[in-house]
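Pulled from TrEMBL, these are the features on record:
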COMPBIAS  A:296-317  compositional bias 'Low complexity'
DOMAIN    A:144-190  domain 'DUF1648'
DOMAIN    A:333-357  domain 'DUF5808'
REGION    A:296-318  region 'Disordered'
TRANSMEM  A:12-36  transmembrane segment
TRANSMEM  A:57-76  transmembrane segment
TRANSMEM  A:82-99  transmembrane segment
TRANSMEM  A:135-160  transmembrane segment
TRANSMEM  A:180-205  transmembrane segment
TRANSMEM  A:231-256  transmembrane segment
TRANSMEM  A:262-283  transmembrane segment
TRANSMEM  A:356-377  transmembrane segment
Amino acid sequence: MTSTFAPAFSAGLVALLALLLIAMPAITPATVPLGVAVPPSRTGDPLVRRVITRYRIGEVVLAIVALLVDAALLFAPPVAGIFVPVFLFLALSVAWLVLSRRTIIAAKRDQDWYEGVPVQQSAEVTAPTHHHPPLVWAIVAVLAFVAAFAIGAAVYPSLADPYPVHFDLAGAPDRFEPKTLWAVFGLLIVGVGVAALLFVLAVVVPRTALRATPGDAPQGALARADARRGVLAALLAQLSAAIAVGLSLVSVLIWLAPPAVATRTGLIVMILLIVGVLAVAVVRYRRIVRRTSASAPGHASAASPPGTPPRAAGPAAPDDDAHWKGGIIYVNRDDPSIWVPRRFGLGWTLNLGRPAGVVIGVVTILVIVGIVVTVLLTTGHGR
Amino acid sequence: MQIDIDPRSDVPLYQQLHDRVVEAIADGSLPAGTSLASVRQLAGAFGINLATVAKGYDLLRQEGLVTTNRRSGSIVARDAASGPAAASFSDGWVPRLRTLLAEAVAHGMTDHEVTTAVSTELHRFRSGGDR
């Protein structure tokens, strides 16, 4: 049984990752191109723009290479078909990013870009105020789950008795179990857990300390950080709702439609919902960055013609490249925070300068490796 | 209330922290009774050492501008509207003012320039600052 589902899935994943990596410079503050801190007067520097363009072209080429590998693996076992192109693309992309940013780092060092630039760091000295959680998405999630459980309860007597509980990558059932409440409702129960966890995060995120995005120009940096936190909280709440609606739909389809149709349709709907939610977050975040940057006096406009001397810009964020290994990994012993805002996109990253940060990082890697190995073993076993 | 520090300045960070809070109290941005972020929150927000922020807060406490208790955390203890300064305050303040004025005189500033500078700064605090 050959299936086109696995290669299509990994092709979609590679395309999604490529889009995110290509969009990355657009959603990163202009003062941190490719994770290199530069003063606001240099954000429109021809060299910076050239390196970003070259980085994006490289990512397109790498995505095409990964898609070709994906096509070559069309008849390989599904596990290899999914993991090889995706990991190949990720590894090459990281290498290309590290290589690209070196050019900016060298120019910054050789031409002393921070010479004479006033630097400043901002923070709120008053006690933080709390935001309200986005309850509407919790209501959507609860309604979806309640509807799914109600439908499940209604059709339960008529469901088949060895009941299909596991599907191969083509969506055909490959394992059956005696019909129990867990076999029928297990997916929904796990879904309730995942959605609840995401919503708890959506409630916790706005309560985290307000901290300027590392390297972001100080003018309006706190407003941007606040907006960023808000976008992330909304994103988590919407993801929670998307997973609730998606998994409810998958469960209901499995009960009412032929399994192959059901798992595939349900998965596609859920992926579309998640991609839609991510796209909304990117658009909202870009709008905020543009609004708060435009109002900042001295923020170098990207439209300034090449060759013009840098304008007298407002203060810059301190050059914190020394704390960012590879532009991505944060190591700062002085910083008491375990989680700090990422320079790339939304969210937080670990401070590996703190013992707790190292412990969390190691545990996370072990969990991810464990999950990947388990998936590899079980899917291999199922065939 | 946002405060700014300059990590490259010769002025130590704890002193900058102290100075910015005192200025914010003077210009009315931080009226008496305002809750301040905890040492941990502020150090986390700046990404600087806890001890640095604690030292800045200690200084503010010694001067009676901030009080800290276990239940309500750190709050601004007094501002311009809280009545006349304690007698002990001017005992410490006048010698520091003398040093500052001596610098101005030694660098050749005239009395008029000095008094103009003083009233400009005072006016800024009285009119709510430039924030």
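Placed from the backbone N, Cα and C atoms, the Cβ positions cover glycine too.
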**Report entry** Interface present between the transmembrane segment (A:12-36) and the transmembrane segment (A:135-160) (three or more C-beta pairs under 8 A)
**Finding:** no
**Report entry** Long-range environment of the transmembrane segment (A:262-283) - Cβ separation under 8 angstroms, sequence gap at least 6
**Finding:** 5, 12, 16, 23, 27, 167, 171, 231-232, 234-235, 238-239, 242-243, 245-247, 249-251, 253-254, 256, 346
**Report entry** Positions whose Cβ lies under 8 angstroms from the transmembrane segment (A:12-36), at least six residues beyond its ends
**Finding:** 43, 48, 51-52, 55-56, 59-60, 62-63, 66-67, 70, 82, 85-86, 89-90, 93, 97, 100-101, 104-105, 108, 213-217, 224, 271, 275, 282, 285-286, 289, 293, 299-300, 302, 316-317, 321, 324, 326-328, 343-346
Requested in this report: Sort out the residues at least 6 away from either end of the transmembrane segment (A:57-76), same chain, that have Cβ-Cβ distances under 8 Å to it, and list them.
Outcome: 2, 4, 7, 10-11, 14-15, 17-18, 21-22, 84-86, 88-89, 92-93, 96, 100
Query raised in the report: When the domain 'DUF1648' (A:144-190) is classified with DSSP, how many of its residues are helical, how many are strand and how many are coil?
Result: 25 helix, 12 strand, 10 coil
Query raised in the report: If you run through the domain 'DUF5808' (A:333-357) with DSSP, how many residues end up as helix, strand and coil?
Result: 3 helix, 7 strand, 15 coil
